[in-house]
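S.K.: According to Swiss-Prot:
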- His39: active site, proton donor (ACT_SITE)
- 32-39, 150-153, Val179, 187-190: ATP binding site (BINDING)
- Gln63: beta-alanine binding site (BINDING)
- Gln63, Gln156: (R)-pantoate binding site (BINDING)
Amino acid sequence: MAPAVLKTVADVKDWTAGLRREGHRLALVPTMGFLHEGHLSLIREGRRRADVVAVSIFVNPTQFGPKEDLSRYPRDFEGDVAKCISAGAQAIFAPAGPEVMYPQGYQTYVEVTDVSQGLCGARRPGHFRGVATVVTKLLTLFRPEVALFGEKDYQQLQVIRALNQDLHLGADIVGMPTVREPDGLAMSSRNAYLSPEERQRALALSRGLKAAQALLREGTRESEPLVAAVRRELEAAGLREDYVELVDAERLTPLASVAPGQPARLLVAAFSGTTRLIDNMQLGGEENAGRV
């Protein structure tokens, strides 16, 4: 059965009101479209956790900087609908235009402070304000019991967890493991920008993280050699580093080392050609160095 396609705020309110009357549990998967297997894994997990899954497809203009790729961000709505059907989504919210979410005179924005300050937040001013605003609007509009996000955008996930808690939005925020291509490249809609050569060089991000993981398993816990392992792979592949940082997994504050049992995260951002890519992995904590 084809999913309901919701175009306006009124459409969403009418549709969710029907769910509430019938007592259904709702899972929401917010996306910017051009869906890949990572997104579909969120939809399938949503089916396991709720009765009904809604997917939002909205290229959110407020999270793009003036020199970023808003106009060329990849789009394929018909393909996205087919993928949503295959994964079991029952509704798609695809605003008819940006004015649905940001009508004329719009002036309210949400800003999460601490966890948005470093990493991507320091290099993309205003990005997380845009993310926090649109996700707050979606959670308020849909009022889902569950909302699912990928761990590939790890800082974004922590921003969303913070706003959900601080604003008492009541959703269960679920972070799902990064889905990777067979050669280790983290799936991303922006991978479509990469030439074959750039894509091959982009494998340095996951190779570097695996090298750091191996060092940790051998007993190296200091930040400097773990970060250096990633940087060596980036340099060898000719990638331009944006950042490589070891941080506390919850607060995202820099760490000098990984203490036994302490959840930490190693995050990397780099350019392959003109395309900025990000990746990360867990170090320490219950999973004992995580998985790449």
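Quick reminder: no glycine exception, Cβ is built from N, Cα and C everywhere.
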S.K.: Measuring CA to CA, name the entry from the recorded positions His39, Gln63, Gln156 that ends up nearest Val179 (ATP binding site).
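M.R.: Going through His39, Gln63, Gln156 one by one, the Cα closest to that of Val179 (ATP binding site) is His39.
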S.K.: Among the binding-site residues listed here (Gln63, Glu151, Gln156), which has the Cα closest to the Cα of His39 (active site, proton donor)?
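M.R.: If we rank Gln63, Glu151, Gln156 by Cα distance to His39 (active site, proton donor), first place goes to Glu151.
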S.K.: Which of Gln63, Gln156, Ser189 (the binding-site residues) has the most other Cβ atoms within 10 Å?
M.R.: Gln156
S.K.: So if I measure Cβ to Cβ from Gly38 (ATP binding site) and keep only same-chain residues at least 6 apart in sequence, which ones fall under 8 Å?
M.R.: Gly150, Lys152, Thr178, Val179, Met187, Ser188
S.K.: Provide the three-state secondary structure of Leu35 (ATP binding site) computed with DSSP.
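M.R.: Note: Leu35 (ATP binding site) is coil by DSSP, not helix or strand.
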S.K.: Using a 10 Å cut-off on Cβ-Cβ distances across all protein chains shown, tell me which of the binding-site residues (Met32, Leu35, Val179) has the largest neighbour count.
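M.R.: The residue with the densest Cβ neighbourhood is Leu35.
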S.K.: Please state whether DSSP places the residue listed as 'beta-alanine binding site' in a helix, a strand or coil.
M.R.: helix
S.K.: When DSSP states are folded down to helix, strand and coil, where does Ser189 (ATP binding site) land?
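M.R.: Going by the DSSP assignment, Ser189 (ATP binding site) falls within a helical segment, counted as helix.
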S.K.: Taking the Cα atoms as reference points, how far is Leu35 (ATP binding site) from Gln156 ((R)-pantoate binding site) in Å?
M.R.: 18
S.K.: Taking 10 A as the limit, how many CB atoms besides its own sit near the CB of His39 (active site, proton donor)?
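M.R.: The answer is 28 other Cβ atoms.
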S.K.: At the Cα level, what's the spacing in Å between Gln156 ((R)-pantoate binding site) and Met32 (ATP binding site), rounded?
M.R.: 14
S.K.: Provide the three-state secondary structure of Gln156 ((R)-pantoate binding site) computed with DSSP.
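M.R.: Its secondary structure by DSSP: helix.
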